[in-house]
Structures are given as structure tokens and as C-alpha cells.
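K.L.:
Pasting a structure below so you can have a look.
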């Protein structure tokens, strides 16, 4: 009987099998069992798990040893199903059974197995397989849980709970099935074997007990596992809470590893328990007793031979029947029953525990599902939040993209607006065109009518012709009769016929000569055919045309470095010339004089050029210095056309000084204008139109309007000097030779670049098919000037050893003396004169290689350049240029040259692959400009094949026609030193002028690759001065200031740059100039020294004045010329005092006309002189004159040259109605003075930076009427720079400046326009209103006409003028010598340093159309000659930016009761003989100002003009201003300040409008000055010139310069009252004052320092004061008076020396202050000239100093409303913007006191105090309280309206 294995105790892990935990203990054969051990019950136990293929981590060996023994008859079913063999034994200590019991048990087991068929086992195995698969799935899921996140773990736990529930259900089913099987087995076993019932019952009880025991143990194990699961759930909840609190970034996976470990252990325990239950349930039915004895060879539980430890069931269930003895049976049955009972109990307990575990697992599964749901919700929430974050990022990105798109769309909108504006302007132009077309249609109809009339008339004529033919037939018949009569006289007539034949032959010869000349002249046509004609001489051959004020060819040094370095094509290029001068002819308009000063300076500079190491080292294209030196003369570049064609438009060459985009300008038709690029050349046709525009053409062929103030005329001398040698004479007939000016954009030759980039040459047709050449011959290249060369060399026939050549003669008429033919540079053949242009060259080896054949022409002028006519012949000959080399190399330019393979071809030039303008035929050089220093370049020269002509094989490939060359420009070094340094006497005694020739700089301002910043003047190696202008050419120094120069021997000049200074220039001796400078001055015009911050000297030249009748042959050193003998005689008489003799206006007009006639008479005389004497004569016939900065003396010369000229007597007692009289004596000298004035006016027109004023247009109208420029139109010191326009007058041949560069520099440095007409500078709205008022109040006379019976009075600087509608009269005056000496600077207007450069790199406004001239404005222009500009200390620097307006005045009442202000003068002091001059020269009598809210107005009532000529005005007179009233009339309120009010144009980049009187602020730091301009009204066509920005040179810190002082003697200060002033700012006269003697005569002081002042300020705005024991001048705009009650307090203050800073801070505005001004409360006023307004009422004299305003006026406050936004940092041009208050429109600002002189209130806003501009405020002005109630509002509004600025 098989032995049943015993189940191990629960928890006994040592007895477990390796495939089950815990393992079942086996019953061993021969061992008994302890009583109480129950075998497990089959019923209710879970099925055994199939462990086949499973590996468990835990295993333990069974206790004891296996009893050996063979096993036989194994159970096949057990083997197949993989169940453990029952024969396997596991020893258990303490358990053993006897042999009988084993036999009984084996037998029982055999019976028990009967009926235990295969079917239940298969089902169990199937269930076990499913369980195995589920276990595998659970294991995989468990592994996935380890790897996955916590939510996945919860899902797995939920799934495991479901699996546990399923397993529990399966376990129940298996248990029920096991019970059924047990019952069946018990019936089967008990049926065949009769057993006592007690044994069976005992067995059943034992099994039941065993089962109950097993179940209890299983339940306890499951309970433990439930506790573990609960702990795991708690941990899961904790983890879930952490996850919800911390989020993704938190440490939610902190204990995941422990959790996974615990979960695995729990699952393993559950599986272990389930397996244990299953194994018990499986083995309990298999316990029948084993049969003992030999009949049972194998025992159950015996280990198999090959597999120890495995039990194999024996297949002896059916066969042997074992019969046991009765006692043994009973004993065995009892044991089995007891064991069975135990097993049953154990099974029951395990079942209960399993059910509990199942319930527990279900609960855990539910919790796990809830946790997983929560986790899933959190995951979903997390994903949703992350999605929202992603969406937010996406939205931000889209927002940024939308912003970019919005910006782009905004830009597109702006461009569309601009385009729409352009289209609108085009539409308007099209409307004009349509209107014009309608007019044309009407005209066409009219022409058709006229045509019909003409046709009828033609029929009548034809009828008349028919009648005439009939009459002719009749006459013929009569003729036949007459012939018969004449035959009789035929013999007598034959002699006459022979005579006539001789005359005919002579006429034929003359005609042939004329035809030849005509042919030659066609080759050199006039100005109408410039673009297709040649330059050079006219058709007169060797006979030059007469000269007339033409440019004299400048002497050039052929080998000089300047010629090497100047770029060909640049205006300053000077090419070698022959002795024959360039031939020019007169054109139809007046010509300018020759550049006399330039020619003279060249005569002296040529000496230094030889010795200078580098004269012009950087050949840049558009050098500022060279361009400004270009004399703007009217001499045409080409020969004049015949008389019949003189009326056509002539062509001139202009240079664009600034870039200009018409679409950015204000004009309505920008498409009709040409865009300009700085440095570009433009062809100009005809004269300037009334709008200030030229008709021009660019190099690319585009034509349109060109603003005249953006371009500058290029003089003929410079053009001729830039031409190639064959172009400067009459040698070449090709058309586009002038187009070299367009090369490279700025006059640069091929490869040159302008500032706007490379410009292609204009496509022009040449008669011979030649291409353009942009470069003149470099030094040493090309033949000498004016030597024609042969053209178009060709090979007629080529043999093996000979070649036949032919060429064309030079097209110019030249005395040919033969030809030389060279082969490879060797002379091979010489041809004599008159030989045909052919040659046969023999004995030439043409097969070995190419030979270079060239032809040289031998003429009377010399030999031509053989390379101009050359050709390569022989084997391998081609067109490729050879010997490509660098001819000259600098840091920024390079010249290349080559030997052309065929001179008939043009050559394309490439630089770094970029195409440059080509070199035309017969040119073998090119110049590259604007290169970078130290840069590698590659140049390529390619021969261009003509489109039609013979081609050779291989010519189609460019590489067969090109040669390349690489070069590296020189590195940038120090700039070059200036040339031609000279120390000369200045234009007045005590003034020394140091002049030099500025270095050549390009458009970027660089020389030798570095930027030029200025020049430094050294005296014997010690620096004495710096000039901060790269284009400055001279500087004036006062001898008394430069004591160092009196001890030194020579002066040198160095060029300054950021990288250092250049080497010294050639020194210039000082002693001769010092000796001459100390002599009395002749006709001299002082040139100012610039302000320290600008430091740009103004050029000044002092050429002599000569007479045309004395052509001097030998030039005199520059600046030391004397006058001619005739003038010297006059000059020797000295000035004499003569009473003024009045003259009528008619006499004045007659004098002007006589002068203009004399000028016209002089020009032909000059032109008829020979070419040789013209240059020296013009060089000697010069007059010392201003360089564009000093106001010339109208109608007279000045200084010692002033002879017995007519003068003006000072009008005493206010007698203004007496007309200004003209002396009849010395009219010749006065006419000469007119010439001088006119020339000065023309000089001032050289600058393209000047304003094209409406005033100038009026003068042009007057000029057209009178034929001469009126003396009133002279150039003012304040910067009335008038540029040259088409209608300029005949230039004066006696006055010329050193160079246009100096004129331009001077004009740049001058202050803004000070003396202009009211129309020019008045506010547009105000002007319109005033015009309306005038139109209402004076319906009689118009604005452009005036009754001659009402003479118009005006003050001239040194002279007076009385204007009439038809033109001004001339009023020369003769000042006294002493007066001239004392007031020399007053007369000449020496302005030192207060010139402000307005250029800033861009031009001024374009001109507007003319308007009807106002005679009053003519007088206004005459008022300023002696004004502040004309004095040595004209205007404090505070107001340099302002443009006060001086309007003309007229005496007498006009209809409507509108009184014109008159003028009155009084001079209580000063010597009587000087009264006539002093009264006119005093700034007091020449400055008319508006004193807003001043006592002058209040006292004057209706107002009147009082022009005081007091030599020493009091403080009450605000800088020479007169009390001015305002006209009564309806109040007109300006709608608001202009957008450009106080805008810093140099910062905002907005166009600055010139011409307006800017009421600048003068109270806070002195650097504050408004620099604004006027917006001119549109002309009829609506076109305006482009508005430009003004550029104000910044000052260092907040310092400013003191005004210049006049040399007047101050009265003794001991006799004057003592006053105490406090310094408002630091002042160092050495660095801040423009006066030459500032260091000696002016006092330095610091801010807050107390100064002792004696008396009142002088006419120049300076006090005489004392500081630190030193006495000197103190500028009034730098100090303020301290109110002191007693002399003791004054002395105490002076002992203190300084005021505390807090006192100065409190005194910064109009608030409480310890100091006060003598004129207005608050900060002291600055001497300024404000805008003049028209006055009502008779002329009144200023009663005296105005009374001080009561202190109550300072304390009065009133609220005012801001009308506009104002930000001082954006809208204020002043330097101290922190002193001004920012505010918004609508803010209520409390203002204190009255408005200051600058239009500012002192106000308070939000607790902050500062200055507030009055024209930004609304509400009644505070000045209304002091005016009459009836006019307060009107006057307030009018005051504010007048302060609106642009």
C-alpha cells in the first residue's frame, strides 16, 4: 500500500519543496506518525498548482535524509501530469510508523486510488495551467509595476485584487469538486473491501481534523498577509497624498522601491499559501495504504533513480490485494482517522482564512481601484495643466510673432502712406499735365484756325507767284532784247568777269578755310552740345579767343607730388600743362573774375610744392578742401557757340555736396527731382529757376530738377586740370570726354567710389565708337598736354616678314612734322611731314612672337605719347593688355597702367570683381579711389571687343582679353602735413594771418587713411593754437595776443588726427609778416577767429587792388600787393574830413547804372588782352576784401583806402525825412567801391550751405532792373551767405578771396542770418495776419510799390541807402580816419567765435519762389551793417542761435492811420568829427528789438522806434534795443506753437527751418540758445526746398564764450559808480572768449564769485570790473548784479568774495534772489536782438533807462494751462534741460512774475519749480496786468503769437 506523505506544519519552511512554499512534509516508510497528526482533507482544499517550469526564488531542503530504495511501477498519470511522485520521502524527525501500518496504509492507498480516474486529474491540471498562466501574467505585471510609475502600480494592484477574487472562486469550486471526489473515492474504496465502519469513520475524522488544522493555519497566514496588505494600502495613501501635495517635481517616488518589494513579498506569500492549499487538497485523496512485502517492489515515496526527491506513483492500484492482520488494520485505521481529523480541522481553518483573505483582497482591490482612479485624475489634471502651460508658451510665441508682424505691417502702412503721398503728388502733377494738355488742345485748335488762314494766304501767294511768273515771262522777252543790247557791251564786261572770277576764287578759298574751321568747330561745339562735343580750344587753332574774367590756368609742376597724389578726375587735380593757356570764350551771361588769389597763392605755393614731401598724399575723390577751393565762376568749359546760338542754355558741371532724397523733402512733385549722392557730378543746363532749382542730368542719364543749394559749381580751371592731356587742348573730338567727372561717383577715375557707392558711367555715343575713360593720365603717363596723337591704327596687310600699317591723323589742327614708328620701344621708321599716314615695316620676325608697334606724332608742340596709338602684331598677338603694373599707390588710392594690345579698344576695369567705369580708347591708365588702407585688392583690365568689326579667334573668351594684378594698399598712417604755410599781415593793423593749404581729404574727411580733425599751429616748435576744422585754410591772430610770435622766427602747421599729428609743414618766416602787420592797414577786412569750441578759422585773404590799365607782369607775394599808381595817388592824400553833401535818389540810381555800364565796359577790355598779360594783371589787380565774413562797405572802400568819398551825416534831432544824399565828387572811386561790394556779394554765394533767401531774390529783381547789385545787398557778418544762382550779377574783377574753401569755412563759422527782411523771418501765420491788416488799413499803395515822394530811410553800416521801387540808390560815405581806426572792427564786422556751424554735413533749405519785393525790406537789409554783427563784440554767445529780425522802416503815415516807424539817432558823447560814422556804426543805432513786457513799451504807449547811437548805452537799454510798441488791431491768437519750437534739430534729426528769429532763452546757463529756423511759405507751385537739420557745435560742459569786444576806449573807471555783480558761471577768457586779447583784458572768474563793476556796460555788452586786484572786462551775460543797499554792505560783500551756493540756487529763476538785473527781474537779461514788429504812432526817442520793475511783480503768481506736451529733454535745444519743467497738455502751471527776455516763465508744477516756455501755455499772460485793459488780451495774444517758433 502506498505511503501517504504527511503535510508539514505551517511555518516550517525547512520542510518545503523547492516548487512550493511552504512545502508538504512527507511520510517516510518505516516511520510512525505522532498521534494527533491529521492528514489533510481532499474536500474543500484548493487544487494543487502546477509548478512545472516555474522558478521560485526561495527554496529549502527537506529535513532528514531520503531513504534509498528503488521505485517501481510508477504511476503513469502522475508522471504525465508532472505531479510529485508519492514514493518520494522526506524525513521528518519524530514521525515514524511500523511496517504493518505502512502496509495497511499502502493497501488503503491502492484502494483509495481505485476510481480516482484520469478525468479529475486532467481538470485539475487544466486549472493549474490556467493558474500558471495567470501567475506568469501577474509576474510580468509585477515587473512592469516596478518600472512604471505609481498610477500604474495602483492599476496593477487593482488587477491583482480581481485575480485574487477569481482565484478564490476557483478555489471554492475545486474544494467542492474535491469533496465529491473524496466521497466517491471513499465509496469505491469501501465497497470491495469489507472494513469495519469504525475504521472508516476514524479515517474520515482524521482527515477532517487534518483538513481543519490546515485550514486554520492557512487562515492565520492569510490574516498576516491581510495585515501586510493594509499596511501597503496605508503607504499607498501616503504616497498618493505626497503626490497630490508635491506634484510632479516632488519626491513622490521616494519609497517606491520598498513598496515594490513589499508588494512582491505579499504576492509571493499569497501564491505560496494558495499552492500549499492546492497541494494539500491534491495529496489528501492520494493516501491509500502502501502494500508491504515483496509483492510491492517499489514503495510510495521512494526516490526515483534518476530524480531524487521526486515521487512517482506506483501503478499498483488495481493489482495486489494485501490482507493485513486485524490488529494492524485497526491500528492503522485509527492512525489514519486521527490524522484525517487533524487534516480536516486544518483545512477548515484554511478555508476560513482563505475566505477572509478573499474578502480582504476584494477590499484592497476596491481601495486600489479608488487610488488608481484618483491617480488617473491627478495624471489627467497634470496633463491638462501641462497642456495649458504649453498653450501659454504657444500663445506667448504667437504674441511675439504678432508683434513682429504688427511692426512690419506698421512699416508697410507708413511706406504705403508715403507712397500714397507720392501718388497724391503725382496725381496733382498729372492734373497739371491734364490742364496743360487742355491748353495744348485749345492751342491746337487755334493753330488749326491759323493753319487754315495760312493756307488761304498761301493760295493767294501762289496766285501772286503765278502772276509773277507771267511777269517773268514778259521780263524774259524783254531780257532777250536786252541781251542783244548787252552783247554789244560784252567785250567791255569780259574784263569785269575775269576780275569777278578772281574774287570768286578767293572767296572759294576763304570758304574752304571756313568750312575747315567749321568742321573743326563741329568737333568742338559750344555749350549746347556739351555731352557730345569735345573740350579744349575753339576752332581758331593756335589763336586763342579773347579772355574776359576767365579762369587763368594754374601753373602746375609736372613732377610735383601733388600731381602724383591728386586723383585724376578730382576737382583739385592739376595736370601738367604747356605754356599755352586753356582757351575759353565768353558765354551769353556775365562771367566771374579769375581766381586771382588762387593764382597768386599758387605762384607762391608752387615753391613749397617742390620741397614738400607730400603735398596731397591722399587722392580722395571728393575732398572737402579741394571742392571748397573750386572757384564758382561763370566761364564755360567749352568754346562759346556762335552769336546766333548764344541764347541757348549752356551746360555747366556741378558737384553734389550732400546726398538728397526728393521723396523725403517737402516738395509736392519729388519725382520731378533728381536724387543726389554726395560727391556726384551733375550736368546743369541753363540757369537756376525762380524756385532755386536747376535743370540737371546725372551720369546715368536721368534728368530732373536739382536743388541749387545741394550742389556746387565746379570751376573750369579745376575741370580742365582734371582732364586727360588730350582733353584739355583741342586734340580730341570724342563726345563723352566730360563724362569722366562721373567716374566712380565722385570724380574718381575707374574704380573710384563716391559716398553713395559706385556709379556707372552714362551710356554715351562717341563718334568713333570709343568708350569712356574716367581717368586722366597719371604723372608720367601720356604725352605732354596739348599734343595731339594719331588715332585708329590698323594693319592693312601682314606678310611673313613685313606689315603694312595705316592710321588716322590727329583730328585737331596741328602743325604735323612727321611720325615715328616704334617696334617694341625701338625707333624703326621715321616719316617726314606731308607723308600719308601709312608705313611699311620690313624685316620683322613676325613668327617668333608678338611685336608691339606704336606711332608717335611729331608736332610743333612736341611729340605725342606712342602708347596712345599702338597695336600688337605677329604670332600670338592679341588684344590682351600687357605690363599691367601699379603706377602709384597710397593708403586709399592706387593708379594702374598697362600697355594696350590695341589702342583702338576700350578697356573694362574691374576691382575685386566689381565693374568700374571703363577706360576709353587710347587710354592706358586707371585710378582707384576710396580704398581701404592695408587691404588686398585685385584689379583686372579687359579689352572690350566692339560689337561690329573684325574678330580674331579666341577674342570671345574674356580670359584671352584680360590681365589681372593684385596689390595691397599702404597701411594708414599719420595724416599729411599741410602745404604752403604762410605768415602774412592781416586785414587790419595788429592782425597776423597764418594761412596754409589744407591737406587733401576724401568725403569721409580722411587723409592717408585717418580722419583729419584740424590743424595745430606751432611757433618755433611750440604749439600756440589749434584749429578744429579739417578744411580750415587760415587763422587770424592778434599780434598783441601772440607775444610768442614776436620772438619766434618761423611758423609751422601740423595736421591733427585721432592717431596723432603729422610732421611739420615747411616753415614760414614770421618776421616780415609781423613788420607788415604793424603797418597801417590798407583796404582790409578782418576775418574772425573762431570760438574755442568750434576753432574753425575763417579764411582771410588780403590781395591788392589794381587797375585794369596797369597789367603787372610779375606777381607780388601773396597778401602784399599794392594798388595801382592811380589809386596810390588817391590813397596818398589820406582821409579828409568833408561835410556830407546830400544827393537825390535819382542821382543814386544814375550812379548805379553808370557803374554797371562801366563793369560791362571793363569785361571786353579784359577779354581782349592777350593770354600772357591777363594772368599777372589779374593777379595784381586785386583788392583786399572780406572772406565771406565781414560786411563789405557799400559803395566805398574802407580803412586808409577811404578817400574823399560821399558820406552820410548823422541825422540829429530825429530828422529822418531828409533824404540821404550822394556826393558827386570822386564817382570813379565810388564806382570802384561798388565793384568791390558786388564782388563780395558774389564771393558769399560760393557756399552751398547758405540760405537762398527771399531777400536775395528781391535783390536779383532789383539787379535785373538796375543792372547791378545794390550796395544794400552786401553780405552780412552774421552769415547772410548768399549762394550763387543763375541770375547773379556781373562779377567784379578786382576782388577775390584766397579760395572758396576759405569762404565756405567762414560762412560755416558765422552766426545765423541776422539781418533779413521781415517776410523772410516772420512767422507765417503772423505774416498772413499782418498782410491782412495792412490790406485793410492801407488800401492805397500796395506792398510792392511806394510813392517816390515818400522817401524811405534806412541806416547803413558805414553808409546809407534810400530805396525806391525801381532800385536802391548809392550812398557812399567817407568816414574819418580816426573814426575808422577806432571803429574798424565795428565797420568790418569782425566776429570772432560766435559763428556757429550750421552745415552739419547737410545743406540748408532749398529756395522758394520769389514774391513781390517790399521796398521796406530793402531798407531792413541796410540796417545791419553796423549792428552787433558789425561790432567786434556783437552779440553774447547766449543768443547765437537766435535770428533776430531787423525790418525795414519807412517814414510817414500810410492810409488807414498805420504809422511806419521812423528812425532817430542821437550821439551825446564822442568827438564831433566822428559823428557821421559813429552814429551809423554804433550797435545802438542798428539793433531794433522787441522788449516783451518791458517798461519801454509801457512808457512809450503806442510805441515808437528809438535808435540810440549813444556810444555808451546804459544797462537800461537792453543791448542796444529800442522801445517798441505793438500795432493795435483785432487780437489774433496763434493756434499753437509750431512743432519745431525749441526742438533740438541736431538731436531729433528733423529738418531745421532757417530764417526764423528764434527767441532763445538767455537766463539759465549761458550755453542755452535756441537755434531754430523759419519754415518758408510755399511758393505758387507748392515746391519747397528740402529742409535740413541744423547742427550746433556742442560746447564743453555748460560754459559759453563771451562776445567779442570792440577796441573802443573805456572811460576812466575811477570816476564811475561802483556796483557789485555775482558770476553766474565759470568763465575762462583764454579758452572761452573769441577776443584775441581776452587773456590780457578780460577777467576770469568762478561761479558765485563777487565782482566789482564800474559803471555801465559798453556797447559790446562788457562791464569794466575788478577782481583779485586786476582790472578788465567782464561779459554781461555771465554775471548778475547784486542788490546792495549801502556802501558798507557792498564793501562787506566784496570782502567775502563769493556767494553761498544755496543763494545761487535760489536765484536760478525769477523767484527771490539776492541779486537783480538792472533791466528785468530774475536772472539777468542777455544782450540780444529780438524780432522787430511794426509799430503804430510817431517815432519816439528812448527816454532813457527803463525803470526797475517793482518787486511785487516778481511775487505775483497766476495759473496758466499747458496747451501742448513739453519734455525739455526732447523738445528743448538748451543744454541745461534740468532747469526746465516738463508738463503735459492740460496741466495747470503756476507762473511767477513776468516772462523773461527769452519767452520763459518761472513756474511751479507738482511742487517742482523751473522754467516754462510761454508759447506752450494758454491763458492771459501776466504782462496783461501792466497794459491797458482795452488791449491787454490782444497784446497778450499777440505777444504769444509772435513767440511761436519753428
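Quick reminder: no glycine exception, Cβ is built from N, Cα and C everywhere.
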K.L.:
Among 16-56, 57-97, indicate the range for which Swiss-Prot gives the feature region 'Disordered'.
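P.N.:
Range annotated as region 'Disordered' by Swiss-Prot: 57-97.
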K.L.:
Pick from 1012-1035, 1036-1059, 1060-1083, 1084-1107: which range has region 'Disordered' per Swiss-Prot?
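P.N.:
In Swiss-Prot, residues 1084-1107 carry the label region 'Disordered'.
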K.L.:
Swiss-Prot lists region 'Disordered' for one of the ranges 1704-1755, 1756-1807; which is that range?
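P.N.:
It is 1704-1755 that Swiss-Prot describes as region 'Disordered'.
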K.L.:
Pick from 935-991, 1163-1219: which range does Swiss-Prot record as region 'Disordered'?
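P.N.:
That would be 1163-1219, the stretch labelled region 'Disordered' in Swiss-Prot.
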K.L.:
Mind checking how the domain 'SH3 3' (1755-1822) divides into helix, strand and coil residues in DSSP?
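P.N.:
Helix/strand/coil tally for the domain 'SH3 3' (1755-1822): 12 helix, 28 strand, 28 coil.
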K.L.:
Please compute the mean pLDDT of the model over the domain 'Fibronectin type-III 2' (880-972).
P.N.:
87
